């Protein structure tokens with residue numbers, strides 16, 4: 001029997017893997033001093049730096065240190081070695097709320113209790129100027145007492161991220177839960193967008209399926225834009241009324257959290273014991289400042305400057321640790337490959353999926369997109385290879401964007417194009433090329449004669465125009481976007 005233990009920083013014993021994403025793995029762990037169970041998210045510095053996501057990691061740390069609430073998953077500490085960043089998180093023994101829903105819908109009493117906790121946590125976030133922007137059942141965890149914990153703040157925004165118009169402008173989130181104003185690519189109020197997502201979650205809790213769904217993604221987005229959905233007959237009148245006010249396509253008239261708390265359905269008493277009960281339809285259509293310190297950031301994120309003795313950060317204070325890496329008790333370094341940030345912007349990307357024409361006049365675009373089944377690392381490797389081949393200079397930008405610059409000036413100066421990778425599913429990505437400077441004809445020629453042929457071995461389908469393969473593209477996306485997803489519509493019979 002193998003008695004070796006994996007010990008991290010002389011502080012935590014690492015156990016089984018709990019989850020995995022593109023850039024991180026999450027492990028169950030135990031504090032060696034207190035015996036407390038925790039979850040440790042292990043992130044590879046080099047990988048996230050290479051794809052321009054370090055700013056997102058920093059933001060997630062800042063936000064999680066800013067929000068302390070019983071219904072928010074707690075970040076206990078951040079540690080670092082030369083090559084890795086470790087988030088020590090509260091362990092949610094009950095797992096994802098999504099897994100519970102996938103076994104069957106909840107009664108309104110059970111759903112109400114979870115919804116109370118969700119609204120409480122989100123209301124607190126908003127009071128601190130934090131907007132989650134990726135609320136969905138997969139990001140809602142349960143502890144051993146069935147208490148809800150909002151997690152995964154990788155796409156969250158702080159109020160200071162707003163532009164001069166007071167609105168956020170980054171398209172984030174998971175399509176089925178995203179508010180219409182976010183899909184429109186216009187500025188939006190982060191609080192109002194979160195409220196919409198809470199409404200979709202509430203519908204899912206009580207029905208067991210998504211309110212806005214269609215085998216055709218464009219049609220699904222049209223339904224979201226018009227807030228067109230159907231409630232089962234089993235829904236109470238009070239619940240239907242609340243959903244109608246939350247799923248209001250106009251954010252200016254959408255119900256606020258204080259009014260949600262005063263609604264008849266919300267104020268009904270929830271039987272705590274209802275959570276122990278079993279999960280249990282013509283339809284009506286409704287339209288309806290505690291951030292990471294400078295010292296911490298320097299040491300954690302600038303791995304090349306780290307000393308041979310790693311620093312452990314607890315509540316912003318740095319202490320030293322003699323254990324530079326995660327190692328086994330026999331002295332050998334544990335092999336922990338790390339590719340989870342919780343998705344990039346995954347909507348309104350290709351011509352076929354773009355909803356902007358539902359909201360505004362469409363103008364000529366200078367963008368080309370393709371889908372691929374290759375992992376992110378392979379995509380970026382291919383883009384770097386392509387740049388070397390055609391002597392394009394690479395300028396890295398934030399959030400997984402590479403700027404490619406032509407070696408010589410053209411008719412309208414240097415031709416520049418941005419290549420951005422979006423994750424649609426763990427093994428399904430969309431890559432967008434967008435001209436940011438230079439002559440359009442030169443850009444189109446470069447794409448047609450050089451870039452497209454060079455990418456043919458990783459392209460699954462080009463999106464939009466004559467290159468698109470509509471049925472294959474749409475069906476492939478639909479099939480892989482939400483694996484083991486909730487039922488898409490009300491069961492028959």
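Cβ from N, Cα, C; glycine included.
Model, not experiment: these values are computed from the prediction.
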If I go by Swiss-Prot, the feature region 'PPI' sits on one of 335-364, 365-394, 395-424. Which?
365-394
Range among 311-332, 443-464 that Swiss-Prot annotates as region 'Disordered':
311-332
Mean of pLDDT values spanning the region 'Activation loop' (152-181):
54
Taking every protein chain shown into account, which of the binding-site residues 18, 24, 26 has the largest tally of Cβ atoms within 10 Å of its Cβ?
24
Among the binding-site residues 20, 22, which residue has the fewest other Cβ atoms within 10 Å of its own Cβ?
20
Write down the Cα-Cα distance for residue 26 (ATP binding site) and residue 134 (active site, proton acceptor), rounded and given in Å.
19
